[in-house]
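Chemist: Sharing a structure below in structure tokens format, with a few things to ask.
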């Protein structure tokens, strides 16, 4: 099944800004998160949304996606140890230039130590876990050297022999007709798969591969202040090295589950708190939830809807360095929808005592609105 366009998944245009991408992701992730949405297919939808956001939120990945789409740009171009155009449709021309310009020196020793492959693990964190950090234990499947043959691939008591077809070089010379004439190309030996070794008696555990897949438990300390999409490198916890080379690394990518009340922007947290018409008019003190606990907030008289109050130090700990972000409290004045006769009479009396006037700032707004209606 073909993948959907990432921009279509997030419901945004291809010219969308980074802020628009983030807002679209937050909206959709809240709607389809499996912990919130129990409908069938919500989990797959959430994975699709997360994948699209991961690709489009990173400028480099987005540029690559815009150019190549879902196709791997390295596919068919030989993303092997040699890099560049080491394989695929262009290998013939590279071999030609190797022949004429001494490219044979690029051939690697098949028995040289090589670093193991890096691994990636996606860890889902609750909103507060990302803020305060946690100690976690994860399980990852990875290739390790076989304990029976110690990575040689040979049956215990025997040793691999030099490949009789390539002489232990891992490659063979193949003659080829080209526009430049008849040349000799180097090809990976198909008998030893480039290892330069021939195993007569294979290890009964790994069947000659020298490696087996195991599940490894790894303890990971998630630092306080990580954000959605960030990653952490765990050195040496990737796949085992080849020919005695060092292990690869493990990259833990964090996916933060959105909170239904708090919203995060960098190290600051934003919340919207409702207050009554009376509280806004006369002033009050209210309790406001923060990730650090309940805080008492003074609401001055005459507070307007949309007014923002800052609670310093009640945000997210800085991931690098000291200090903590702030929490921004945005108040929303709730106008009563149902009033009894007595309440209506009180408001009418209030309006008559004030002459139903508005202050200068509001008056200026109404003047502008009147001019807009008149077309001035």
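FYI, residue positions are counted from 1 along the chain as it appears here.
Even glycines carry a Cβ here, placed using N, Cα and C.
According to Swiss-Prot, the domain 'J' annotation covers 5-69, on the basis of sequence analysis. Taken from Swiss-Prot, the feature zinc finger covers 133-215. Under the heading repeat 'CXXCXGXG motif', Swiss-Prot lists 146-153, 163-170, 189-196, 203-210. According to Swiss-Prot, the Zn(2+) 1 binding site annotation covers 146, 149, 203, 206. The annotation Zn(2+) 2 binding site is assigned in Swiss-Prot to 163, 166, 189, 192 on the grounds of sequence analysis.
Help me picture where these features are in the structure shown.
Modeler: Long-range contacts of the repeat 'CXXCXGXG motif' (146-153) within the same chain: residues 159-160, 197, 199, 202-206, 208-212, 240, each at least 6 residues beyond the stretch ends and with a Cβ under 8 Å from a Cβ of the stretch.
Under 8 Å, Cβ to Cβ, and six or more positions away along its own chain, residue 146 (Zn(2+) 1 binding site) finds 153, 203, 205, 206, 209, 210, 211, 212.
Helix, strand and coil content of the repeat 'CXXCXGXG motif' (163-170), in residues and according to DSSP, is 0 helix, 0 strand, 8 coil.
Counting every protein chain shown, the number of other Cβ atoms lying within 10 Å of the Cβ of residue 192 (Zn(2+) 2 binding site) is 23.
With a cut-off of 8 Å between Cβ atoms, the residues of this chain six or more beyond the repeat 'CXXCXGXG motif' (189-196) that come close are 110-111, 162-166, 168-172.
Mean predicted confidence for the repeat 'CXXCXGXG motif' (203-210): the pLDDT average there is 92.
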Chemist: About how far apart, in whole Å, are the alpha carbons (Cα) of residue 166 (Zn(2+) 2 binding site) and residue 149 (Zn(2+) 1 binding site)?
Modeler: 24
Chemist: Six or more residues out from either end of the repeat 'CXXCXGXG motif' (163-170), which same-chain residues have a Cβ under 8 Å from its Cβ atoms?
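Modeler: Sequence-remote neighbours of the repeat 'CXXCXGXG motif' (163-170) are 107, 109-111, 188-189, 191-192, 194-198.
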Chemist: Around the Zn(2+) 2 site formed by 163, 166, 189, 192, list the extra residues of the same chain whose Cβ is within 8 Å of the site's Cβ centroid.
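Modeler: So the extra residues in range turn out to be 110, 164, 165, 167, 168, 169, 170, 171, 172, 191, 193, 194, 195, 196, 197, 198.
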Chemist: Around the recorded Zn(2+) 1 site, report the further residues of that chain (criterion: Cβ within 8 Å of the mean position of the Cβ atoms of 146, 149, 203, 206; site residues excluded), sequence-ordered.
Modeler: 147, 148, 150, 151, 152, 153, 154, 202, 204, 205, 207, 208, 209, 210, 211, 212
Chemist: Within its own chain, what residues at least 6 apart in sequence put their Cβ under 8 Å from the Cβ of residue 149 (Zn(2+) 1 binding site), listed in sequence order?
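Modeler: Result: 155, 156, 203, 205, 206, 210.
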Chemist: Taking 10 A as the limit, how many CB atoms besides its own sit near the CB of residue 163 (Zn(2+) 2 binding site)?
Modeler: 22
Chemist: Counting each residue once, how many in the repeat 'CXXCXGXG motif' (203-210) are helix, strand and coil under DSSP?
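Modeler: Output for the repeat 'CXXCXGXG motif' (203-210) reads 0 helix, 0 strand, 8 coil.
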